[in-house]
Amino acid sequence: MNRPLSNDILYILYLIEKEVSDKLNLLGALAQDFKGKGSVAFVNCGEYSKLCKKFKISAKYGPVLKHYKNGKFNKDYDRKDTLKSLTTFMNNPTGDTPWAEEPGADTVRHVDGDKDLAKLVTKEKKPLFVMFYAPWCGFCKRLKPVYQEIATEVKQSVLLAGMDVDNADSMNTRMQFNITGFPTLIYFHGGKELHRYKGKHEKDLLIEWLQNPTDEAPKDEEEEQWKDSPSEVVHLTDDSFDDYIASNPSVLVMFYAPWCGHCKAMKPEYVDAAQTMKDEDIPGTLAAVDATKETALGKRFEVKGFPSVKYFKDGEFAFEMNERKADTIVDFMKDPKEPPPPPPSEPEWSETESEISHLQDVHFKDFLKKKKHVLVMFYAPWCGHCKKAKPEFTEAANHYAGNKKIGFAAVDCTKETASCSAHGVQGYPTFKYFNYGKNDEKYTGGRTKDDFIKFMENPQEPATPPPEEEQWSDEPSAVEHLTDDNFEDFLSKHDSMLVMFYAPWCGHCKAMKPAYVEAADEMKTQKVKGVLAAVNCMKEQKLRTKYEVNGFPSVKYFKDGKYAYDYPRSRTKDDLVDFMKNPSEAHKNPNTIVKNDIPWSDEDTYVAHLTGDDFDQYVQSHNSVLVMFYAPWCGHCKKTKPEFETAAETINTHKGQGKMAAVDCTKDQELCKKYDVKGYPTIKYFKDGEDSFKYYQARTAQSFTAFMKNPQPPEPEWSAVPGKVKHLTDDNLEEVLKSHKSVLVMFYSPRCGYCKTMKPDFIAAAEQLSAEGSDIVLAAMDATKNAKTAQEHVKTGYPT
């Protein structure tokens, strides 16, 4: 490439030329189209490894495309490998992915500007339903997948279309149809607007409305069901509320919204509690108020979220109550007492008085330019290591109070994302030193007050690393201390060996050390066959890498000169000795639980570890969060963990792709109970602070990453979708075959990609045969649920 690069560059980074050979023509055409406006550059990370390493880029999992604008990283290219998609991206590299390029979007007709809409409205013979939207609109994003499903189901009778009207090419349309909010849904037929949809964005309601469109909002069956279905819950209105409360001395009232997910989850619990109260003759009543209808009551009692549960005693409001489970509601009504006030929320660090300067993106550079020496702590409020470092960092700053040349600053990376991104912050806390705003260097020293003070006395000298602990290997004991040089030789001479991989600074290692030493001595006394050994992973890096030691202590058992499995017992002297007496039997015993692993939250990964104290704050401060609820002993969790970590390294370090977090359900049982976690791992997706849906896709790094770039709810089971395809089971197969002369059966797996590709055509063929009055039937069978029939007929794979 001889010509100079522009300010708009798309880099393709790769390790093996074969991997990019199929993209050469495509990217060459793109480069030609954007000549003078943008550039396409190829970088071989095998040949220019230092360059790729400098910019923290890895191509080991295949080629990656990265876009840089004005010399700064913009984003990874995450769209289709087509010239149209690449061209759209290069025309607007900072914008959202066009809806037309999202998965499943081909079910919707995408309108391209004012002229295209005018043509479509005039010429389309079927009724036309158009969603006018803006790419940035959150309500629009939530509606899109539902809208796509509806488009598939009603395509025979109504054409569903979408039009981005948040651009210059569509201003006439916005003015013509008076579009003042997003999304706006308009029904056209015969070349003109007939109706506007005013109801809720729910699939069933929209489909019902499209069958008989009017200007009236559709009735929400969900609202009517609870009120009209028999139960012991009393439904109150603006008119009936005061009389009922005055006539009943003990009333618990649930203020709810029909669309609220938490309300729907609480409703059956509330109904059960009311029935139990009647059956057991417990005094008091449970009532409910639809606050979306009874707005005066919602305003009067300051209902700001749903559900809001309030207790009324002797006709007066007494206090709020937060229980949502049937048994706890019943227990409360037996003896209604005001719950203790919640502990005061921890004030933001920036609101605490100290010598720390809390910087925002807007004045980050200006502050640094005015000080000769500044040490900056980039942090996240939920980060445990940050909380531990905060008081030490604050004390060091107080030590230098009044020194105009030295400054200590902090940046909250959950708010000031631009500064954190610009300085390559990928984990918390990250400390960086600046000299008049320039020459930023990563601080790698200790994190005590004295460490920070000493560093700032002479920042030009290398930081003093944390003091090394006294060497365990120098202490007399029966534990063998091994190194990179002698490990393999020693291993070959001992057919039964337990090895503790540790770090000198690790608290869990220090706690285990005495028991490990005592166990080694006890084995010697009892003449138990085998050896206990230890490896300092801060010195013996080759062994740490070879045996994939990611946390401390990691205790591994070696049999006949080879790694066998991780030690599966507790860290006590007795368990260690007992294990070494008969390691093969201990490994077979299903009741032995792996207890030696350090908590996942203490490992150095990019996964955010949440607790009941910070969970709500975290999911509400990030609009897209994938949470893995797990138990440390769970085998499936352990298998998922490294995949989840790998994906988190990509997702949690890139702006705009959401966050990945984890919750240990053995420590936060109430939190897991709240989100109905009944098995491990349970992986849930939270959108705008709300529990949206369970993650059901593959538990691989690639699948997690792809999902977070475009989170979509799981598709409904095919058998639940209305249509002309007959769904077979082991039980009804014979009956269906006898009832029809000719049946074509598609055996499929819900996860099979080829099946998903074939499904729309199979459905369309069934619809066509039915419309033509044919007696030929198209049927489908989920082979994962009907193994008996599938094993008989499926020999090669899916679909058959």
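Every residue gets a Cβ built from N, Cα and C, even glycine.
The domain 'Thioredoxin' annotation in TrEMBL covers 96-215, 223-334, 336-461, 463-581, 583-713, 714-800.
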**Fill in**
Most Cβ pairs under 8 Å to the domain 'Thioredoxin' (96-215), of 223-334, 336-461, 463-581, 583-713, 714-800, goes to 583-713
**Request:** Average the per-residue pLDDT over the domain 'Thioredoxin' (336-461) and send me the rounded value.
**Result:** 86
**Complete:** DSSP tally for the domain 'Thioredoxin' (96-215), helix/strand/coil in that order, comes to 50 helix, 26 strand, 44 coil
**Request:** Kindly report the helix/strand/coil residue split of the domain 'Thioredoxin' (714-800) according to DSSP, in that order.
**Result:** 36 helix, 17 strand, 34 coil
